[in-house]
Amino acid sequence: MTKTLPKDFIFGGATAAYQAEGATHTDGKGPVAWDKYLEDNYWYTAEPASDFYHKYPVDLELAEEYGVNGIRISIAWSRIFPTGYGEVNEKGVEFYHKLFAECHKRHVEPFVTLHHFDTPEALHSNGDFLNRENIEHFIDYAAFCFEEFPEVNYWTTFNEIGPIGDGQYLVGKFPPGIKYDLAKVFQSHHNMMVSHARAVKLYKDKGYKGEIGVVHALPTKYPYDPENPADVRAAELEDIIHNKFILDATYLGHYSDKTMEGVNHILAENGGELDLRDEDFQALDAAKDLNDFLGINYYMSDWMQAFDGETEIIHNGKGEKGSSKYQIKGVGRRVAPDYVPRTDWDWIIYPEGLYDQIMRVKNDYPNYKKIYITENGLGYKDEFVDNTVYDDGRIDYVKQHLEVLSDAIADGANVKGYFIWSLMDVFSWSNGYEKRYGLFYVDFDTQERYPKKSAHWYKKLAETQVIE
C-alpha cells in the first residue's frame with residue numbers, strides 16, 4: 001500500500017556551518033579546532049566546502065524550486081565571537097541576518113542550531129565542554145543569538161551531543177583525538193546537556209515567541225542474539241553510551257537508576273569517575289518539560305554481541321567496506337547480521353531502526369511533545385554523468401525511511417518533518433569530499449550546483465506527500 005505524510009509536513013534539507021560555508025577565516029571569523037586538526041590529520045580541509053557563505057542565495061533558490069520548505073542551518077559560534085566570548089564580530093552577525101532574510105524570502109523555514117561540532121579554538125583548547133567555564137560562555141553566546149535574531153522561529157541548542165563525546169574521546173576521529181576515555185565521553189555528554197537545559201530555560205524565561213529543542217543522533221542498538229542475556233546486556237550498555245544517558249537528561253531531568261547502574265559498570269571496567277553536581281540536576285529538571293521538539297538524526301543501527309577483551313575501534317573513513325572494528329571493554333562488540341545491507345563506510349542500512357527509535361521516545365519519554373527527523377540520508381561516491389547523478393540508491397534509502405516514519409505517525413507518534421542530509425553536497429568531517437549526500441551535486445572546483453535524480457523525486461514527494 002502506498003504511504004503518505006501529513007499535509008503540514010516539513011520537507012527539509014540539512015546543512016551545517018563548518019561543512020558548508022567555507023570562508024573559514026573570512027570577515028573576522030575566528031579559528032576552530034577543526035582547522036588545524038584537518039591540516040595535521042586528514043587529506044582535506046573545510047576550505048572551500050560548498051562555499052555556502054557566498055552561494056547561499058543559489059542554494060535557497062534551488063531549495064524553493066525543488067519543494068524544500070525547511071532548512072537546517074547552524075551558526076558558526078566563532079563568526080559571532082571569534083574567541084568564543086567577548087567582542088562581537090559584526091560582519092558575522094550581518095551575514096546571518098542576510099542568510100535568514102533570504103530563507104524567508106524563499107519560503108524556506110530556517111531551523112537554526114547554535115553548536116554543530118565547531119567550538120571556537122580558544123575554548124576547545126581549554127577543555128571544550130569538559131571545562132565548566134565554557135558552559136558559561138555557551139550560555140552567553142546563546143543569549144546573544146536569541147536576542148539578536150528574532151527572525152528565527154526554531155532554535156536547536158546542539159547538534160549530536162552523543163557523537164561529539166564519542167568522536168572526541170572514544171573513537172578519537174574529532175579533535176582533540178583522544179581514544180577510549182569513557183569517563184570523558186559521559187562527562188562531555190553531561191556538561192553539554194546541562195548547557196542545553198540552561199539555554200532552554202533562558203529562552204523560555206525571556207518569553208521569546210519561537211520554539212527550541214535539541215538534536216540527538218539516536219542509532220538503535222539490538223542484541224545480536226536476543227535469546228542470549230549477555231548480548232541483550234551488551235546492547236543495553238551500548239544504548240546507554242549513545243542514547244539513554246542523553247535522553248534521560250533531556251526528558252527526565254536526571255539519570256534513571258538503570259542508566260546509572262550501566263554507567264557505573266562501564267566506568268568500573270574502564271576507569272574514571274564523573275563530576276555530577278546538585279546544581280546540574282536542578283538545571284536539567286527545570287528544562288525537562290520545556291523542550292518544544294526533539295530532533296532525531298538517524299542513519300543506522302548496530303547489533304551488539306557480548307565480548308571479553310580490550311577496547312579497539314577502527315574508523316572506516318575512506319569507504320573501504322569491512323575495514324571498521326568496534327569493541328569496548330565491559331560493553332560488547334558490534335557484529336552485523338549477514339542479512340542487513342551496509343554502505344561502503346560500514347554504515348548499516350536498517351529503516352526499522354528509525355521506527356523503533358521514534359516509538360521508544362514516544363513510549364519512554366511521553367513528555368516529548370513532537371519530533372523532527374533532522375538528519376537522514378545516504379552517503380556514497382556519486383557518479384556524475386550528463387550533468388546529474390542517477391542516485392536511485394539514495395532515493396530507495398530515503399523512501400524506506402519515510403515509509404517507517406509514516407508508520408510511526410499512524411501508530412501515534414507526533415512527527416512533524418523530515419530533513420534530508422544534505423541539501424547540497426557538503427564536506428564530511430571524517431570522510432572528506434568523496435562521500436556525498438546532497439540532493440544537489442556540487443562541483444567543488446567550480447562550485448556549480450546540479451540537481452540529482454533524487455532532487456526531482458524529492459520535489460514530487462513534497463508536492464504530493466505521497467511516498468512512491
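Easy rule for this one: first residue shown is 1, then count along the chain.
Placement of Cβ uses the backbone N, Cα and C atoms for every residue, glycine included.
Record features (Swiss-Prot):
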BINDING   Gln19, His116, Asn159, Glu160, Asn297, Ser428, Trp429, Lys435, Tyr437  D-galactose 6-phosphate binding site
ACT_SITE  Glu160  active site, proton donor
ACT_SITE  Glu375  active site, nucleophile
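Once the Cα atoms of Gln19, His116, Asn159, Glu160, Asn297, Ser428, Trp429, Lys435, Tyr437, the listed binders of D-galactose 6-phosphate, are compared pairwise, the greatest separation found is 20 Å. Each residue contributes its Cα atom, and for Tyr437 (D-galactose 6-phosphate binding site) and Glu375 (active site, nucleophile) those atoms are 11 Å apart. The Cβ of Trp429 has fewer other Cβ atoms within 10 Å than any other of the binding-site residues Trp429, Tyr437. Cα-Cα distance from Glu375 (active site, nucleophile) to Asn297 (D-galactose 6-phosphate binding site): 4 Å (rounded to the nearest whole number). Cβ environment of Asn297 (D-galactose 6-phosphate binding site): Asn159, Glu160, Val215, His216, Ala217, Leu218, Ile373, Thr374, Glu375, Asn376, Trp421 lie under 8 Å away, each six or more residues apart in the same chain. In this structure, Tyr437 (D-galactose 6-phosphate binding site) belongs to neither helix nor strand by DSSP; it is coil. The number of other CB atoms found within 10 A of the CB of Glu160 (active site, proton donor), across every protein chain shown, is 25. Residue environment of Asn159 (D-galactose 6-phosphate binding site) contains 25 other Cβ atoms, counted within 10 Å of its Cβ in all protein chains. Less than 8 angstroms from the CB of Gln19 (D-galactose 6-phosphate binding site) sit Ala46, Ala49, Ser50, His116, Ser422, Val426, Phe427, Ser428, Trp429, each of them six or more residues away in the same chain.
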